[in-house]
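Each remark here refers to the structure printed beneath this line.
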Amino acid sequence: MTTTKDNSGLAALFANSSGPRQKPQRAGKVDPVRDQQEDKMEVEDEEEDEEEDEEDEEEDEEDEEDEEEKEEDDDDDDDEEEIEEPVIKKSKKNKKSKEESADLEDQYMAKLAEEVAEEKPMVAETSAEEIKVDEPESDSEDEPELDVDEETKKKLEATNKELDKADYTIFVGNVSSEVITDKTVYNNFKALFAAIGTVASVRFRSISFSKLLPRKVAFISQQFHSKRDTVNAYIVFKNVKSVKGALTLNGSVFKGFHMRVDSVAHPGAQDHKRCVFVGALDFEEQEESLWEAFSSCGDVEYVRIVRDPKTNVGKGFAYVQFKDVNSVEQALLLNGKGINELSKSTTNKRKLRVSRAKSQHSQERAKQADMKNIRNAKTEGLSRDEKSHFGRAQSRLGKAGKAQLQSIVQEGLRAKKEDGKVNLARSKRRGVKPNKNRVEKPGQSRAEKRKAMFGTPTNGAPGAGGKKKRLTTRSQKFKQDGGVKKDGDAKKDGPKKERDGSKKGSKKN
């Protein structure tokens, strides 16, 4: 009885085993298809366990019947035979358990083969989206590489489209603002460029409004700036060749305004040899007034007023580029003249400031040269050691300390008497102002200094050699005169006696 129960427990143990231990999966990696298959496997295992339990019960009943028959036949046998019976039974049951264990091993190996076959198609069926959702931060080497996010792909595609679109686009500046308000003017403007090639779209930018409102609200309500008569436009063609043909319209007049046409992908470079800088402009100045002012100097290629990107109001300066280099010399002669004298479209009396346009490379070089000159000026006239200390002080103190650093005093190299500098501590202590012209020689006594300053007195006169005569007191002078008072002395003594008598009388009273 005990052996059959042990065999049934073994069968149940192997039936429920899932094979070798696998890595625990995360919560996000649970596959619903695999869960369903595992549930089916568990149901099949339970059915097999029930069948095996029924077989074990039938075998137990047969064994009990055999034991009862043997007990009836062998009542008179010896004790040794009774002892041998369980040994014989054990040998039979061991053979049976070996056969059952062999069957269990075959079932176990078959199960493993089925699980391996099921796992291979499951890995192939997993999509890229399921991999993204699972565990992006896991470091396991068995996981497949993650794909690029769809958002980044969309951004890259959008940028590539914009770059491709720029090859088909042109910029048109100084366009009349009637293009926005009047539909007929808009159709005429579009037809002007449609004659060159088919136009895909037209966009208007740099529209200035009179009130600080959202752009869509201000555009719908048509609250445009009264002193800003022009806008900029972007025209997209369907053919790249049409862009080159549209560039020929640069400088053409539409509704009384000279248009500036340029490519977006390959804009024309500014040639500083053919360009002039115009300053001292009014903030509300228009390009058309500059076209009229400088057209007398030669053929103008374009006029560009630098404007604020938010308000679309000018910053007070512009660039005028000519088609010929010689026109620049004539344009420089307009320096200091009023713009109202040169153009009829403006009443502004500001005097223009015209100069040659500088190249960007030369400006950068000039800035670098200025910085070098500033650095060299601070270290000019210094020794090698002082320059090294100066550079160390700059790195330690920073910009603020660098600005405050004026004089360098190295430790152990203080000012000395031989350097021709006055000892300020001694001069302040004596109350004497330091004399920059006075030079103190080493080893000179005080008497020698006085001789050097005042000379040696002679015959009792200062500076002539000898000693000075001591000044006499008033009594000594009276004795020298023979005790006779002079008129001046009597006058001086008279009021004194009167004063003394008045004092004595006041005391007696």
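Heads up, the Cβ atoms here are built off N, Cα and C, so glycines get one too.
Look at Swiss-Prot and you will find 1-152 (among others) tagged as region 'Disordered'.
According to Swiss-Prot, the compositional bias 'Basic and acidic residues' annotation covers 28-40 (among others).
The annotation coiled coil is assigned in Swiss-Prot to 33-114.
Residues or ranges marked as compositional bias 'Acidic residues' in Swiss-Prot: 41-85 (among others).
If you look up Swiss-Prot, you'll see 112-122 (among others) marked as compositional bias 'Basic and acidic residues'.
Residues annotated as compositional bias 'Acidic residues' in Swiss-Prot: 136-150 (among others).
Under the heading domain 'RRM 1', Swiss-Prot lists 168-266.
Residues annotated as domain 'RRM 2' in Swiss-Prot: 274-359.
According to Swiss-Prot, the feature region 'Disordered' maps to 345-403 (among others).
Under the heading compositional bias 'Basic residues', Swiss-Prot lists 347-359 (among others). Note on the compositional bias 'Basic residues' (347-359): DSSP counts are 0 helix, 5 strand, 8 coil.
Marked as compositional bias 'Basic and acidic residues' by Swiss-Prot: 361-389 (among others).
Marked as region 'Disordered' by Swiss-Prot: 419-509 (among others).
As annotated by Swiss-Prot, compositional bias 'Basic residues' applies to 426-436 (among others).
Annotation comment: Swiss-Prot describes 437-451 (among others) as compositional bias 'Basic and acidic residues'.
Annotated compositional bias 'Basic and acidic residues' per Swiss-Prot: 478-503 (among others), in sequence order.
Away from its own ends, the compositional bias 'Basic residues' (347-359) comes close to residues 270, 272, 275-282, 285, 289, 293, 319, 328, 331-332, 334-340 of its chain (Cβ-Cβ under 8 Å, at least six residues beyond either end).
Residue counts of the region 'Disordered' (345-403) by helix, strand and coil are 39 helix, 5 strand, 15 coil (DSSP-based).
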